Amino acid sequence: MADDDPYGTGQMFHLNTALTHSIFNAELYSPEIPLSTDGPYLQILEQPKQRGFRFRYVCEGPSHGGLPGASSEKNKKSYPQVKICNYVGPAKVIVQLVTNGKNIHLHAHSLVGKHCEDGVCTVTAGPKDMVVGFANLGILHVTKKKVFETLEARMTEACIRGYNPGLLVHSDLAYLQAEGGGDRQLTDREKEIIRQAAVQQTKEMDLSVVRLMFTAFLPDSTGSFTRRLEPVVSDAIYDSKAPNASNLKIVRMDRTAGCVTGGEEIYLLCDKVQKDDIQIRFYEEEENGGVWEGFGDFSPTDVHRQFAIVFKTPKYKDVNITKPASVFVQLRRKSDLETSEPKPFLYYPEIKDKEEVQRKRQKLMPNFSDSFGGGSGAGAGGGGMFGSGGGGGSTGSPGPGYGYSNYGFPPYGGITFHPGVTKSNAGVTHGTINTKFKNGPKDCAKSDDEESLTLPEKETEGEGPSLPMACTKTEPIALASTMEDKEQDMGFQDNLFLEKALQLARRHANALFDYAVTGDVKMLLAVQRHLTAVQDENGDSVLHLAIIHLHAQLVRDLLEVTSGLISDDIINMRNDLYQTPLHLAVITKQEDVVEDLLRVGADLSLLDRWGNSVLHLAAKEGHDRILSILLKSRKAAPLIDHPNGEGLNAIHIAVMSNSLPCLLLLVAAGAEVNAQEQKSGRTALHLAVEYDNISLAGCLLLEGDAHVDSTTYDGTTPLHIAAGRGSTRLAALLKAAGADPLVENFEPLYDLDDSWEKAGEDEGVVPGTTPLDMAANWQVFDILNGKPYEPVFTSDDILPQGDMKQLTEDTRLQLCKLLEIPDPDKNWATLAQKLGLGILNNAFRLSPAPSKTLMDNYEVSGGTIKELMEALQQMGYTEAIEVIQAAFRTPATTASSPVTTAQVHCLPLSSSSTRQHIDELRDSDSVCDSGVETSFRKLSFTESLTGDSPLLSLNKMPHGYGQEGPIEGKI
């Protein structure tokens, strides 16, 4: 807006086209390149320093040192200089402050210092030295309240003295030239032009930047300085305390690496920036000379007090990299593309298996034949002492996840059985028993005999052996002093150990026979159920592994054989990632296993290493059916609003995962819709707006009765975010739901300088920022001011048309009458759920004829008669189906037989490509399957509710808060 010429054709005053030179082109005044002319001209020898100089207020006194030159250094000061070329003699040089826009105008700030008066510096040059320096120039900052007053006086003075009025005030005043007396009287017309120009330029003036305009006047024949040379304009000078004038600098980031998929939150501290004029740029210079760049995602509400930015990383150009990629990150100002010094940033490959489920599945599976190769290791399938599969005796190389060397189990492969010992009278031969722990720790190797004493002396039928705990020994038991005692003791313990081994072998043999008879694997598991508490190198128990490898029946068998004994210990056992079996069942999407675990008492309240409960995990993955199972548990209620380690509730994660079904389940289960996440106080509605998800935002407002003006810790409402991001759809939705565009957050609207308070100017409390102040475009600004939302349609946006128009008005009336019955299984609300429009049920209830409103919505969204028939069939509503069938019966059909459902399905319907397009639109972000976007695009509530009622009220604020916001026919 500031770059447009406010005085062009069509304005109050017409441009004087007789002017032959382009007085409005700032590029005309090349600062340092000499003009191609034979006569006198003015040239800038040294530019002023652009940054680092502070504009001072009246109360602060003069500047400490004048405006330095561009080449000024600490020990070598320099100042702006100009030279009058091709001329020697007396001259007068004036310096005026002008704006930095495309069109040059007078600036309201004033030059102060030696030779300065009324904001203008006047210096004489010559007659010999035609170089003029300005060693003590200062810039006086005018307050906002006095901009118009000061600017009008400055313009009047320029017109009276003839100091470039046609250029700096208005083109219609170009005829006013410098006069010797300087006491010209202005006409009323000239004063009006000045006033209008001052009004317009006051609105557009940037108080943080100025330029110096140098104009030289040579004497005429009378000695008066009236011969004006073409002025020259310096580079821009930025106020050092203005946000857009400071040097950009990254001070600190809490992370310097992120995943290639982007979307990770980073906190960045920086020097002063302007929240609506800053970008965070990621870039990489490629080998072929190209440059990849991406920009951090944040809105003005994510910039805190001009010194901190919270943003999300962009996606890297290649998300399939196999090794880290180094890029750079820097701040960049939008207005002038000024950048900060780049900092390194590392993109690492995507970790697709964060829960390590796939890694564990990829382990080498145990091979059955490995158990018969060496003869020294324990056999598979129960052939060894503890029936460890996976090739797994302690003397062999245990298979991953199956050999538990840390327990130091001794091998018993040398034992054979004779008839008379087992049920089958198979004999036993006492072979050599090696009782040394070859795979155990050093301390355990010496204590194998002592450990055998820990076995129970007598086991009852059906109980397994106690687990050896050799590794807990810290010191070997003192042995007898004589060799004879030691040999006797060793012999006794060998005999005792052999006896226990035989008892254990007998039990396993019995279990094997029972399995052969019944075919029930639980017969084998029962004798080893005490070992289900053993964990592998990852901390996983057999129950963890069975779930990871999707063996649902094995999980059920394990739960059955351990029921009532050690069930609680293994059901809620955590692995090294703090995952319980229930966590893994949710992660691997096994609904039946989740139900089995809950039935035997799995604890929902246990959290994983990130503080996630099973509700968080189900919502994150969008498993609505599993989430439904979990929410049915009585123990789920206290966890619904429990935050995880990131401070997020399950409802927040459902929104961030774009899962409408999970969100609906949580709302129905009583989740606190207005709960704040613990980092910045955002509610689920804030997050839906932040993710530009109109579907979820509509669900929260319509189904969850979300507080539309809920605030974060810094007072930001969802409307602030929508306005700052320029989202017209969400701004319209929130405004229609009653959002207040005048709510102020805690971010100051402007930076109040301390000196203003000292000067008594602009005193008082600095106002906060409202959504109106943050409107990123005119469309949002108009919506916030009450203008109806009018979306711009493209060919891709046009909704596909269904065939509902084939139903006659009489048929529609009969259907609506049938759908108004109170039976919950056959009324309009149930049909709406079947048709995917259930989220609008609350809105439908506000209508005098909900069933008619439903049918109108369904037609607008491209619904077909086929889908309507299928929905009615699912409801079992034969009367409604017959009404539709009757509408398509021909006389011949009526005389012969009624039309079948299959025949109705053969009626003219929309093409398959059209239906596919409908499904794509419903699944996309732009058109939600909830029907909210459909309502925004096509639905006129004026037509669908009563036919003439203009408003549908959607009051989604707490009772007694604010005012109701109506949704009009067009938003």
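Yeah, the Cβs are placed from backbone N, Cα and C, and that goes for glycine too.
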Which one of T429, T894, T934, T946 shows up in Swiss-Prot with the note phosphothreonine? T946
Can you check which of S388, S394, S447 Swiss-Prot annotates as phosphoserine? S447
Position flagged as phosphoserine [Swiss-Prot], chosen from S851, S940, S953: S940
DSSP-derived class (H/G/I helix, E/B strand, else coil) of C59 (S-nitrosocysteine): helix
Please give the sequence-distant neighbours of the repeat 'ANK 3' (610-639): residues at least 6 beyond its ends with Cβ less than 8 Å from one of its Cβ atoms. 582-583, 586-587, 589, 591, 594-595, 598, 603-604, 645-646, 648, 650-651, 653-654, 657-659, 661-662, 665-666, 669-670
If you measure S335 (phosphoserine) to C59 (S-nitrosocysteine) at Cα, how many Å is it? 31
For the repeat 'ANK 3' (610-639), give the DSSP counts of helix residues, strand residues and coil residues. 22 helix, 0 strand, 8 coil
Within the same chain, where does the repeat 'ANK 1' (538-567) have neighbours whose Cβ lies under 8 angstroms from its own Cβ atoms, ignoring anything closer than 6 residues to its ends? I mean 6 or more beyond. 356-357, 360-361, 401, 521-522, 525-526, 529-532, 573-577, 579, 581, 584-585, 588, 590, 592-593, 596-597, 600-601
Measuring Cα to Cα, how many angstrom lie between C59 (S-nitrosocysteine) and N674 ((3S)-3-hydroxyasparagine)? 48
Suppose you look only at the repeat 'ANK 1' (538-567); what would the mean pLDDT be? 83
What DSSP reports for the repeat 'ANK 1' (538-567) is 18 helix, 0 strand, 12 coil
Given the modified residues S335, N674, which one is most crowded in terms of C-beta atoms within 10 angstroms? N674
